[in-house]
């Protein structure tokens with residue numbers, strides 16, 4: 001059992017592999033965005049929001065590489081852009097305009113009842129207890145803030161957003177850089193040593209620890225196994241029931 005110091009004021013959680021299964025993100029969300037990109041672009045092609053996303057997609061260096069490998073110059077229409085979107089998703093390229101578009105597609109899917117956010121069965125109870133005990137819960141994920149909120153608002157355990165006080169994505173910095181965690185602590189107006197960061201990625205835990213935060217690794221089913229060295233370096237738990245704050 002991981003014993004956090006009693007002075008913990010904020011629990012900062014990762015999503016993928018921590019609150020939510022990696023398979024949900026890779027086997028449900030990503031394919032859903034890939035399969036529905038064309039229809040969404042066709043439906044919203046004339047909106048300012050979509051026009052901006054398309055412009056930003058075309059400005060990516062990946063677009064130049066993609067276009068150079070085509071037999072003919074790509075056209076500027078929903079079908080052509082959706083093919084580029086599939087290209088990005090298949091290569092797991094985490095670029096901002098793609099994340100924005102994915103978030104919008106997912107928002108429609110959640111609103112239509114076609115998607116529900118996965119959370120492990122211990123998450124809702126832990127969130128409720130920490131919130132009741134006056135401990136703030138914040139989220140830090142590579143997924144956009146909008147996408148984070150959708151997972152928790154439309155989760156299989158109900159709407160968990162009321163438990164969450166702040167959301168951070170890569171706009172604040174890379175998850176494996178200690179400066180990002182320093183900025184998060186500053187944004188939360190809390191000293192880093194009063195923040196417990198929960199993640200499944202040792203490199204992220206190392207960055208958070210370098211910033212002065214407490215850290216615990218999650219060993220969820222489907223997560224990459226920890227090495228013996230990582231087990232010695234960090235505390236780890238199987239689920240949130242093993243965390244005491």
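Start at 1 and count along the chain as shown; that gives each residue its number.
The backbone N, Cα and C atoms fix where each Cβ goes, glycine too.
The Mg(2+) binding site annotation in Swiss-Prot covers 14, 16, 200 and rests on sequence analysis. If you look up Swiss-Prot, you'll see 141, 142, 175 marked as substrate binding site, on the strength of sequence analysis.
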Inset, instruction - Report the residues of the chain - excluding 141, 142, 175 - with C-beta within 8 Å of the mean position of the site's C-beta atoms, for the recorded substrate site, in sequence order. - result: 14, 15, 16, 140, 143, 169, 170, 204
Legend entry - Integer Å distance between the CA atoms belonging to residue 14 (Mg(2+) binding site) and residue 141 (substrate binding site): 5
Inset, instruction - Look up residue 16 (Mg(2+) binding site) in the DSSP assignment and report helix, strand or coil. - result: strand
Inset, instruction - Could you tally the C-beta atoms, other than its own, that fall within 10 angstroms of the C-beta of residue 14 (Mg(2+) binding site)? - result: 24
Inset, instruction - Would you give the longest CA-CA distance, in whole angstrom, between residues of 141, 142, 175, the set recorded as binding substrate? - result: 8
Legend entry - Residues close to Mg(2+) site centre defined by 14, 16, 200, Cβ within 8 Å: 15, 17, 18, 19, 20, 22, 141, 199, 201, 204, 218, 223
